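Student: So that we are looking at the same thing, I have put the structure below in structure tokens.
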């Protein structure tokens, strides 16, 4: 039985992870977890899964829960996340928290020798060089939870990675894929949160609509698979059936197909290289799709993706700036402070004023992250 440490238990990925664990109680046990501010859902999870250690964000929530669950050890804040991530009895850390707050817990868990299932893409975006270096030193593999990177991992099984021609990441195009740039000036938060194919959290859904999410995934793929940015291509695949592909030097492609359900990549990360049965509401039949459609990305229509490629190629602290600026800009949009089409402008502004620092250490990354957030907040 694998003992799971789950960060971000009440979020979209966390909820679907718990569904998998619920279906397979003989294979998985939640021994520690974290959640943010959703106390109602958090209480229910603690009652059902009976973790031994829990981290919440606020001190007041920790105090409240300590009185309700005297047999559980509680922590709070970032230090609480770090305590939970390194819980001695845990085998696997599944990091599903949103944002750069997931970086330090991941590094701590690697240092503690935990297996890592990574859904927090910001960890690799902001500090990929540090994370991959630490994982190599500890002989730990980072198993991706993102559907696209899980697809690449599966496509590369048994293959010689030196024979990769390119990685092809697929994208749905998001909520506004058929709107012009001019039409984006009028879109609402409610409209932006209606993703055509996937059920995701709010921030991720907005990132999908701007395609910053795909840009972060490009950087994540660069670090996970050691592929140059020029050899990572993004294509629009409207049906979200082909989750990603690998092209090899002989011209052949290997693709991973499946229903757009995050339980598949989550479970694969937990059972790799094994697979388990997943009960779907509707069986996936390839014959239900008379055609699959592919489109080139229009970088004028999706400037966020171009910004992400630029940040990745510049390297150093520039990806940290892009990520931090985007997090603040998206929060501003969700709070009604920023128009949707201004999200990219805020990120570009932050990048233009920053001179990248090469091969940054952890303290430098954290400092640049905080400085960028503070700057973008002044623009809201």
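The backbone N, Cα and C atoms fix where each Cβ goes, glycine too.
Feature list, courtesy of Swiss-Prot:
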| type | residues | note |
| --- | --- | --- |
| BINDING | 10, 11, 12, 13, 36, 37, 38, 120, 122, 201 | NADPH binding site |
| BINDING | 121, 147, 148, 172, 195, 208, 213, 214, 217 | 1-deoxy-D-xylulose 5-phosphate binding site |
| BINDING | 146, 148, 217 | Mn(2+) binding site |
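Structural setting of the listed features?
Tutor: The Cβ neighbour count for residue 38 (NADPH binding site), using a 10 Å radius over every protein chain in view, is 16.
The DSSP secondary structure for residue 217 (1-deoxy-D-xylulose 5-phosphate binding site) is helix. Sequence-distant contacts of residue 217 (1-deoxy-D-xylulose 5-phosphate binding site), defined as residues of its own chain at least six apart whose C-beta falls under 8 angstroms from its C-beta, comprise 121, 146, 148, 149, 169.
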Student: Take the C-alpha atoms of residue 10 (NADPH binding site) and residue 213 (1-deoxy-D-xylulose 5-phosphate binding site) and report the distance between them in angstrom, rounded.
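Tutor: For residue 10 (NADPH binding site) versus residue 213 (1-deoxy-D-xylulose 5-phosphate binding site), the Cα atoms are 21 Å apart.
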Student: What whole-number Å value do you get for the CA-CA distance of residue 38 (NADPH binding site) and residue 213 (1-deoxy-D-xylulose 5-phosphate binding site)?
Tutor: 24
Student: Calculate the distance in Å between the alpha carbons (Cα) of residue 213 (1-deoxy-D-xylulose 5-phosphate binding site) and residue 122 (NADPH binding site), and round it to a whole number.
Tutor: 10
Student: For Mn(2+), what surrounds 146, 148, 217 with a Cβ no more than 8 Å from their Cβ centroid?
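Tutor: Same chain, not in 146, 148, 217, Cβ within 8 Å: 121, 144, 147, 149, 150, 169, 213, 214, 220, 221, 244.
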